[in-house]
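Read through the structure below, which is laid out as structure tokens, and then see the notes.
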């Protein structure tokens, strides 16, 4: 195996990513080197491409980025015992310290020292990625490489949707991006009574309909209260999944929640936006922030959803060769795409 590889690198502090030859990552005793077959583009990668304020404060330059992937094990460290070369895998992109109180209590997803693959350390937009053995997730034979490549965002959706009991509940999802749509699908499959999803992007609304979401609302044209009445809702929503990061959507969600309602918040909102805290208080709402996936319970659950028949393939709207990565990022930046999966093989 060559000691060099192709990779997408944030090599300059400006807009874009660049395909370069870089060294293959070194494998430590507890590490696993994975040959990447499929990579998916995340919204985080778009922020890095755009070199916005968050990216400028967060991303070291130069660095290989990317964190949504699937592949097969190419090499294992001397102390690795659970995996073997050739095994099909994906990986948890949040690397935790294992030493803080939350980690020691089995709550690794709450680690205050979390490092993100492709954000704080070299990522998976390369022919190889190296992660700790503890972050490797085997992929069953009946799950394809491209579906495994979107398990990271699907895990965000599963973690958010399953934060609260859904059986018999009326659920509002704000934001019909890929994660919002997947969250709505999980809610529907988990026994929710009514599932309503809102957005203002026509392409994303059409994609939600294509995936089988029953009640799809264009918030720029339709009044949510009228939709609730039309579908037989006489009280507010029991559970809210905020996936948009849009202040107007979050405010509308709070307004439409039933007393005692529960809201899981994944969307990253602009700093300093206002909500009516009196509604939160007097409706006795429960707000829960979500970041990433529960390690590793969410992975077991999402594998079970897919093996149980949940078809995520329509959420992948663009399949491209890695040399055409600019086309993939153009599609993502336009807002007129679902997931974009890039083929390294």
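Cβ atoms are placed via backbone N, Cα and C, with glycine included.
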Further NAD(+) ligand in Swiss-Prot, beside 199, 204, 266, 267, 268, 290, 291, within candidate set 179, 254, 303: 179
Of the binding-site residues listed as 100, 103, 267, the one whose CA lies nearest the CA of residue 47 (active site, charge relay system): 267
42, 67, 68 excluded, remaining Cβ within 8 Å of their centroid (Zn(2+) 1): 39, 40, 41, 44, 45, 66, 69, 93, 118, 123, 124, 152, 153
Distance check against residue 44 (active site, charge relay system) for the binding-site residues 111, 267, 268, 290, keeping those with Cα within 10 Å: none
Which listed residue (97, 111, 179, 268) has most other Cβ within 10 Å, given these are binding-site residues: 179
For residue 266 (NAD(+) binding site): intrachain residues, at least 6 apart, with Cβ closer than 8 Å: 156, 160, 179, 183, 241, 242, 243, 290, 291
By Cα-Cα distance, the member of binding-site residues 42, 67, 68, 103, 111 nearest residue 204 (NAD(+) binding site): 42
